[in-house]
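First comes the structure, then the notes that go with it.
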């Protein structure tokens, strides 16, 4: 009888040890853009990454700045604008995102970035941006995660360092990738030359940055996260570009009452304008002047 009791106790212990843990108690790794949560019922806390399609809501008028609480009311949900930061490591993406969130003291464990939400008042109208600094984390995973990151944004900010030419070349390649990903829709893209305070170490001139923006049809601005120079102008410019794109897409196409010229006539006029060298220079100069104006398309 004693032997049987000991064998039953061993069997019970062995069964308890072999019982698998439930799925809900296993560890979850936040910070991956391509991993969707099982029940996305509210925004993650600031400083954490979200899934490819995070829940969106419209903050209440009483809220100011950035918030991590969600509301279950039916009228409080509205699409937010997701701004994806792209660029090589060390160009200052996380510094710009932290300044956007007014979060100066960063946790050492947040060096790979995260997601920051804040409501900005631009031109008398409130707009909520969700800035996603998850590009470095996605580069640690498979390439399809990076592709998901390139598709997740309402707008894109491509950052390079003016003191690092290789980061400038990488920014140009990222612009080409975005063009391939967003062929049908024209999303706002802003090329940012960060670390403008390192003037003595400059490897990329302002003229080169503007020329690149003109060629790739995007906006351009130089910033300094260290001096907090043009950081506010950058994110307010993102808001204005989003609004302009929204208005441009919503505007109905009104047919002109005049008779349109034939394709051959328009082609001849276009070629005649291109043959004039001065006209080309004027057009390029006009485009280079407008590429750094974030208040116009």
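Keep in mind that glycine also has a Cβ here, set from the backbone N, Cα and C atoms.
Per Swiss-Prot, the residue annotated phosphoserine among 51, 167, 224, 288 is 51. Within 10 Å of the C-beta atom of residue 89 (GTP binding site) sit 11 other C-beta atoms, taking all shown protein chains into account. Around residue 194 (GTP binding site), taking its Cβ as the centre, 30 other Cβ atoms fall within 10 Å, counting all chains. Under 8 Å, Cβ to Cβ, and six or more positions away along its own chain, residue 196 (GTP binding site) finds 162, 222, 223, 224, 227, 229, 230.
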